[in-house]
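Participant: Sharing a structure with you now.
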Amino acid sequence: MTDASGSERLKRAKGISEGTPSSLPDHLIRATAAEGKIRVVGLVATQAVQEARERHKLSYVATVALGRAMSAALLLAANLKRRQARINLQLKGNGPLGNIWVDAGLDGTVRGYVSNPAIELPLTAESKLDVGQAVGRYGYLHVLRDLGYGQPYTSAVELVSGEVGDDITYYLSSSEQIPSAVLLGVNLDSQRVRAAGGVLLQLMPGAPASLIPEMEARLAKVEEFSPMLACGGGLRELLQLCLGDLDLKIAPEMRTIRFYCKCNSDRVKGALRMLGRDELLDMIHTDKGAEAVCQFCNEVYRISEDELRSIVAEMSATP
């Protein structure tokens with residue numbers, strides 16, 4: 001943003017507010033409702049989204065878009081079976097934000113980035129951040145499921161709105177053929193993310209289709225759930241508000257959520273080896289070293305000239 005008036009308008013936007021940020025730890029919980037006919041997953045990912053915002057220097061609208069995608073990927077990953085299983089989301093729309101990439105695991109780890117993190121757009125007529133316009137109304141949502149064994153499973157659907165939640169709901173109903181209702185939210189102020197998270201309701205096999213509009217209506221009751229989290233409301237309390245009179249049973253287990261990237265200097269050095277001896281020698285003579293930036297976490301790795309020479313020596317010694 002380039003002027004104070006623009007900043008003030010953004011502060012007044014729905015989803016942006018000033019005040020004390022939520023101190024709730026990032027976590028995921030599971031539950032059932034309607035006598036076990038509805039599967040429920042809810043999560044808080046405030047610190048994870050804040051770390052993504054800081055690492056990538058995200059604008060307001062980029063923070064909300066990536067935060068929604070991170071929460072969505074974590075919700076989908078929660079239904080995987082093996083601890084090493086992971087979900088990859090790619091939203092490739094025609095908007096100025098470019099592409100969104102997110103990687104999340106059953107273990108609660110998540111990372112992600114956007115192509116154009118600094119982009120900002122005018123607010124909508126309802127004074128909301130225009131995530132759909134930033135992502136784009138036309139394009140595709142790609143979902144890769146790595147189950148931890150065999151070949152990963154990939155599917156794609158057209159974007160419905162670019163708002164992320166609608167697109168995930170459409171993917172689940174059309175590709176996975178699971179009637180679902182998804183609620184995603186990010187609440188932030190000029191300093192930090194105050195609350196972020198999501199709720200996923202899914203019909204269990206054999207459940208009556210009449211429960212589908214019921215699920216949608218229940219989530220509509222807590223449409224502004226991220227501001228509620230930001231004001232100190234707990235995730236369990238929010239689920240009680242949404243489903244408390246529908247035989248809600250919350251599992252006692254709670255899974256920790258955190259931003260985590262598996263990049264490290266050894267991986268960077270391994271990637272440099274792939275460039276070949278001649279390319280590395282050119283780096284030594286021209287650049288006196290090498291620099292690499294991880295796209296997912298924006299971590300900068302600097303490989304010294306001596307380290308490059310060691311890599312070349314190892315390559316030369318290998319038959």
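Glycine is no exception: its Cβ is also placed from the backbone N, Cα and C atoms.
Residues annotated as compositional bias 'Basic and acidic residues' in Swiss-Prot: 1-10. Residues or ranges marked as region 'Disordered' in Swiss-Prot: 1-25. The disulfide bond annotation in Swiss-Prot covers CYS261-CYS263, CYS294-CYS297.
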Participant: What number of additional C-beta atoms lies within 10 angstroms of the C-beta atom of CYS297 (disulfide bond)?
Facilitator: 19
Participant: May I ask which residues of the same chain, at least 6 positions away in sequence, place their Cβ under 8 angstroms from the Cβ of CYS263 (disulfide bond)?
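Facilitator: Result: CYS294, PHE296, CYS297, GLU299, TYR301.
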Participant: For CYS294 (disulfide bond), just count the other CB atoms lying within 10 A of its CB, please.
Facilitator: 18
Participant: So if I draw a 10 Å sphere around the Cβ of CYS261 (disulfide bond), how many other Cβ atoms end up inside it?
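Facilitator: Other Cβ atoms found within 10 Å: 19.
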